[in-house]
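The transmembrane segment feature in Swiss-Prot is assigned to 25-45; the stated evidence is sequence analysis. Per Swiss-Prot, FMN phosphoryl threonine is recorded for T187, and the stated evidence type is sequence analysis.
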Amino acid sequence: MTDDTAAPPPRGPARDWKSSPLVSGLLLGLFSLVSALMLALASDATRGPIAARSAEDLLASLAQVLPAALHDNDPTADIRTLADADEGAVRVYVATRGGAVTAVTFELTGYGYGGAIRVLMAVAADGTILGARVLSHTETPGLGDKIEIGKDDWIEGFAGRSLTDPGPAGWKVRRDGGVFDQFSGATITPRAVVGTIHRGLTLFDRHRAELLAPLPLRS
């Protein structure tokens, strides 16, 4: 075989472009970008309905503790935030009628047998409780869940109470020498709610002047 007819040197195996690290990195980046865009679009699509549902839930909760006759404003639009040394930042929904503050509503958290108990309470300008409701809890079904208005009317026993009715010694469950009933087989849960509502009255008393001050005029 002459030089002119010599066979070409053997060639190495052809590289598959799909296995290139550069291509793999580009594909991974493109996939991540598309996924992020899809998640952003989904978030935008659901944000509005979620916000609307939250606003509806808040209005429904306020209506359970705050009599409609006491306000001619929208308490969810007139909000004050208290900076309290014990409770931290507390969002307060202010009810007014004829420009005068008639009541305030706010949420505090206590801790029962099963964990956190969120309590919403409305307090009139004179310091009496207008109503209280448990918004969420993880207490034992059939025992501690009697703090729910749908399970028992126990929570309604706080309406009309104040820091002086009963006095300090009375703001306990009966087992501890107070005036509020406990549940059979469940004392920790009602004790936590009683304590939380008493804290709420104390919070109102500490910030009474600030809470009852006229709201700034809307521009």
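Here the Cβ of each residue, glycine as well, is placed from N, Cα and C on the backbone.
Neighbours of T187 (FMN phosphoryl threonine), defined as other CB atoms within 10 A of its CB across all chains, total 17.
According to DSSP, the residue listed as 'FMN phosphoryl threonine' is assigned to coil rather than to any helix or strand.
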